[in-house]
Amino acid sequence: MTLDGNTLVYGLFGYPVKHSKSPTFQTAVFQHLGINAVYVPFQVKPEDIEKAVESLRVLDIKGVNVTIPHKENVIPYLNEISEEVKVIKAVNTIKNIDGYLIGYNTDWYGFIEGLKEIMPDIAGKRVLVIGAGGSSRAIIYGLLNQGVGKIYLANRTIKRAENLIEDFSNFYRIVKMIIKPISLDEINRILNEVELIVNTTSVGLNEDDPEIFDYNLINSSHTVVDIIYEETKLLQKAKEKNANYQNGYPMLIYQGAKSFEIWTGKPAPIEVMKRAIGV
Ligand SMILES: NC(=O)c1ccc[n+]([C@@H]2O[C@H](COP(=O)([O-])OP(=O)(O)OC[C@H]3O[C@@H](n4cnc5c(N)ncnc54)[C@H](OP(=O)(O)O)[C@@H]3O)[C@@H](O)[C@H]2O)c1
């Protein structure tokens, strides 16, 4: 690829960003479609996020993804946020239109499109979501959007799960009928009631992390998604029990595909993205 005076710049704001696979697959798509653009990782310290957002306008950077720890903190510095951001309260994609910055969230879409690869019909399903942090909010938004029948929301800090439900019920009155907050200790008891299990916590990132519930209770009627990228103990057990399972890469790929579409107006070739990072 030849860079010249017309090369457009896209990128990623995060801290840290070194591990990110987004530059690899976004660049692969630009190259595949012959678009004269680059996608650069920008390591932005938490205290510098306002300046980093301003630099998008100054340097005419056309768009960025936003990752941990900036997804919530960028919101005050944008000109506009999309409808889903008002509910999820986190931005992972910024589009720059002549200095006017619009924030979007494509994590919910990434999760749902990834899930459809192993569970094509999500409507009416009963789900266990573990975790009530930022990614959980996006995933619950997506699940509600697909018309799931029931969500058990399990979190270590149960108050946080209750707050999430309270917050979402300001947008959808049915939320309190669909989502039930539970403690981590209650998971074993409700496991037979659910078809889909989603881990949105960071538990499992380290090999010596304990099990969140009794993984032996997983059976072949379950579909298990862990949004951590590596194969966690949870996914190893799902595999052993012949359950349907998925790691965090499909979510990552599809959220990136939607960001690409928002920036360029073009559909992203999913297979090219997957091949670029070997998944
Ligand atoms: N695949 C993807 O595309 C994708 C996208 C986004 C995030 N992720 C991954 O998802 C994970 C969570 O990200 P996030 O942004 O949602 O983080 P977050 O907002 O900080 O939330 C973390 C969640 O994990 C729970 N947790 C943390 N340590 C725990 C422990 N020792 N025991 C039980 N629960 C614990 C927290 O519970 P409390 O409320 O009790 O603290 C909270 O529910 C990260 O590993 C991230 O890399 C993947």
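Backbone N, Cα and C define each Cβ position, glycine as well.
According to DSSP, Lys71 (active site, proton acceptor) sits in a coil region rather than a helix or strand. Among the features that TrEMBL reports, active site, proton acceptor is placed at Lys71.
For Ser20, Lys21, Ser22, Thr67, Asn92, Asp107, Tyr229, Gln255, the entry in TrEMBL reads shikimate binding site. DSSP assigns Lys21 (shikimate binding site) to coil in the three-state reduction, outside any helix or strand. The number of other Cβ atoms within 10 Å of the Cβ belonging to Lys21 (shikimate binding site), over all protein chains shown, comes to 17.
In sequence order, the list of same-chain residues 6 or more apart from Lys159 (NADP(+) binding site) whose Cβ falls under 8 Å from its Cβ is empty. As annotated by TrEMBL, NADP(+) binding site applies to Glu83, Gly131, Ala132, Gly133, Gly134, Ser135, Asn155, Arg156, Thr157, Ile158, Lys159, Arg160, Ile227, Gly248.
As annotated by TrEMBL, domain 'Shikimate dehydrogenase substrate binding N-terminal' applies to 12-94.
Taken from TrEMBL, the feature domain 'Quinate/shikimate 5-dehydrogenase/glutamyl-tRNA reductase' covers 116-202.
Counting same-chain residues at least six beyond the ends of the domain 'SDH C-terminal' (248-277), those with a Cβ under 8 angstroms from any Cβ of the stretch are 10, 21-22, 24-29, 32-33, 35, 62-63, 65, 92-93, 95, 104, 106-107, 109-115, 117, 226-229. Annotation source TrEMBL lists domain 'SDH C-terminal' at 248-277.
Per-class residue totals from DSSP over the domain 'Shikimate dehydrogenase substrate binding N-terminal' (12-94), listed helix then strand then coil: 35 helix, 18 strand, 30 coil. Here the binding-site residues are Glu83, Asp107, and the one with the most other Cβ atoms within 10 Å of its Cβ is Asp107. For ligand 1, the neighbouring binding-site residues among Ser20, Lys21, Ser22, Thr67, Gly134, Asn155 are Gly134, Asn155, by Cβ distance under 6 Å. Ser22 (shikimate binding site): 24 other CB atoms within 10 A of its CB, across all protein chains. Within 10 Å of Asn92 (shikimate binding site), judged by CA to CA distance, lie the following recorded positions from the set Lys71, Glu83, Ala132, Gly134, Thr157, Ile227: Lys71. In sequence order, Leu12, Asn65, Leu252, Gly256 are the same-chain residues whose CB sits within 8 A of the CB centroid of Ser20, Lys21, Ser22, Thr67, Asn92, Asp107, Tyr229, Gln255, the residues recorded for shikimate being left out.
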